[in-house]
Structure formats: C-alpha cells, structure tokens
C-alpha cells in the first residue's frame, strides 16, 4: 500500500448511485447495420471490408460503433485486472490459455484490491473463467453470499500460435507477424484471425449482458486486453486504441452509466482508469518500454471557497485540505527527478507548483555530499481560462470544477474556447519536451482543470465533445509518457508511435505510447 493515502481506499467518493448523475458523452452512433459476432475470422472481416465503402477505416471501428443497450437506472461498473500470474512473471505470452496461476505477489495484489474496494457495495461480480482471473475475483469478493458469474467472453485475447511463447521466442519464430502485433495490433492477423478485432467484438457483447443485469454496482474481474476493450467499446473507441488504455495487475478502472431521458444508449463517463495502490510514477516504463520523457498533469487541491468543489472562476488560495493534497502530490512525485514545473498564474496552481518544486529541491539535499538542484518554475496563461472568460463570466459563475461531468454544463461556444486554449497549451508543452539537449526530461504541469481535461483529450487525439467524458479530482495527477519521443511533422511538434492511456484515481495514461496515470488525494 502506498503511504500517501492516495489509494482508492483513501478516496471512496465513487458517487452514490442514487444522486443526480452528470452528463458525459453519449455512446457511439451506429455506422451501419451489421451483426456483431463473438469472434470474426480473417475471411469474415475481409468480406465485410469488401462490401463497405469505408473499407479499412470502418474495420477499426466495427464493433466500437454499436450503441450500448438502454438502461433504466444509473450503474457503476468497476473493472479489475487479475493479479500477477506465473506467466506474467516469466514474460510469457498468455493470451486465453489457462495454464498460469497467481504468484504470491499476485495473491497479495488481489488482497490489496479487496481492501481498496472493501467499502464498495457491489451487487454482483462477473469474472473471466480463467484461473488467474477467477482466483483474483474470489479474493476480492470475499465471503459475500452471491455467486460469482463467469462469462467465457471475458477471457483474455485469443492469440492462437503466440500463446505459451516467451516474447523473444515470438520474435524469433514469427518475425514480421510479431512485429505487426507490436506496432499495428488492430490489423494484426494470425492463423486466419484478427485477434484484436475479435476481442473488440467480444467486449461489446459482454456489455449487453453486464448492463442488462438488474444490479447497479457491478464488479468485473478479467484481464489486461479485455479490460482495455471493455473501456474502449464503452467509450466508442475502435481497435486502434489497443495498448492505449493499459491495465496493470489488479488495476481498477471505473465506468459510470447514466440513462438518457429519451432512451437509447446511456451517457458514459470514465471516472478513473487503472487505479492501483502503487505509485503511478515509480516504474518509469510505458507499456513495458522505458519512457525517457514525461509530462505530469497536476490538479491543484481544493480552495478556500468550498471543501468539495471549486468555482470555474476561482482565484482563491487552497484551504488546509488543499494544502495537504498538494504536499502529498509533491511527496508522490519524489519518485521522479523533475526538470521544471509549469503552472497557471492562479494562486492555488502557483502554490501547488511551489510545493512540488521545494520538495524536489529539498529531497536532493538529504545526503551529506549532496549538490543542491534547482527546479525551474514557469507560469503561463495558456494553462488558465481567464483570457477566454470575458464574455462568459455570468454563464460559468456557478460551475464547480471538481463535480463529475461539470464540463458538460458549459455551452458549445465555451467548450470550443477551452478546447482551442488546450491546443495552444499542448503545443507549448510538446515544444518543451522536444529539447534534444535533455534526452530525459520530466515536466510537471499545474493548470486549470478545464485545460487539463483538454490536454488529456489532445493527448488521446479525441474531439472536443469527448473531454467532458473524463473526470479529474482535486489533487489528482495524470502521467503522460513519451517512450517514442517528440517529432517534427510538417513543421509541427507531434508524438511518435502509438498512444497509451493508463490512469489511477481519476485519469488516464496516454501518449504515442503516451501513458497517463492518476492518483487523487481526498478527504477520508
């Protein structure tokens, strides 16, 4: 357990289901009429492609585009990946094979998850039938009387001939096919199958059964890839997002579903992604790859205005709880060597930035032979909203930025302004990261929550209507990794590689392999 009280156990503010729910974004719109299968062979997908005007582009969204079934009441679905397995420890490709079991570390991780989720009043538990997942579910479920429901379609991705191989063996035996699996998984095929597309189809099928269950608080225990697919298909993201929404062993992701008055697909919000009890910044790797450059987005602590929320227009200093939150974030970031802290000019942001900077500098002076290190502090209005509020102040005066779904209360013009502002901030940050003189660089960014949400959207290559679908808490952090670096394309800074999204208490981990993790400090 992490000592900073940042684990889910420290912020069980998973909203009570009966309260008024917020609007995030509606589930995807259908692209056409077709049948969703539990798996699709290479020939089936190619046949569909030939009959489609969109061709390859449509394939990547084939199953993500199917609307979710309507629901009558709000539901919360908590996704958990199994603990470390024997094949995880060996670096062996598991796929949907059922030969590995939990290690002692995996058992301990599952027990920690049980403690983290102890206060959650789950009504039902769905589990993959594979031993490593089912055992994790049994540990978390504890002595509850209700039986665990196994669903074969919650099994891990089917990897056919790859299964059972060590990763280096996969490279040696399959060459180009293994390379495609690494760099273009959505179009990867083996033994006549598209494994990732099949997985997306299975995940979409699972939602029909999960959401049809009468329960309102649902636990699902499964695997890395299938949990990625569950999150992605709920949000309407295609198979190209594979390895973007990463799931650590016993990582917890939370999706909230709200019925629409007019019926149809529910409104969906990713409340948190890959929340684990461990430090979100300690590993230094992004999907198994070393990340030399990293941006850490930090949401300042709560202000004097209100302990639970903060006005869109606030420029108040943090209250005592907010100060504690900023200190805990600073302690959490001691696992990193921060190069610079960039903040909005607002009081709460500046104070949070100063705390992080001073803790970083002090930590380097603990040894007898230490050399004092200077952590640069910068301020930029690009991380704030003051310059876009002149004509909207009356409209946003009552909006509170730590209320789930608050961004959706803004009108389209205002959201467009926030989105455009986040674009300027994103470009500026990419320029900061692109300095070739510093091959390893960590920048901490403390900004207005609206701009931070916009940065998450930019990082994930989403559109402006999606940024209200994510939630940031006071004192949360989001880690964005750049294992492939920052490049120049047509004179513009861009990210190389794929994007990954990983989060902790409230957010994601993303980037061209970007990885975003989040941890939140909350009053217990």
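Using N, Cα and C of the backbone, Cβ positions are placed for all residues, glycine too.
Here is what TrEMBL says about this protein:
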type	residues	note
ACT_SITE	82	active site, tele-phosphohistidine intermediate
ACT_SITE	156	active site, proton donor/acceptor
BINDING	81, 82, 83, 84, 85, 86, 87, 88, 132, 167	substrate binding site
How long is the line from the C-alpha of residue 156 (active site, proton donor/acceptor) to the C-alpha of residue 83 (substrate binding site), rounded to the nearest angstrom?
14
What is the number of other Cβ atoms found within 10 Å of the Cβ of residue 85 (substrate binding site)?
25
What same-chain residues, at least 6 away in sequence, bring their CB to under 8 Å of the CB of residue 83 (substrate binding site)?
102, 103, 105, 106, 107, 108, 109, 110, 113, 132, 136, 139, 249, 250
Cα-Cα distance maximum in Å, computed over every pair in 81, 82, 83, 84, 85, 86, 87, 88, 132, 167 that the record assigns to substrate
21
Which residues of the same chain, at least 6 positions away in sequence, have a Cβ lying under 8 Å from the Cβ of residue 87 (substrate binding site)?
93, 94, 97, 99, 100
How many neighbouring Cβ atoms, not counting its own, are there within 10 Å of the Cβ of the residue listed as 'active site, tele-phosphohistidine intermediate'?
32
Hey, what's the Cβ neighbour count for residue 132 (substrate binding site) at 10 Å?
28
Ranked by how many other Cβ atoms lie within 10 Å of their Cβ, the recorded positions 81, 156 are led by 81
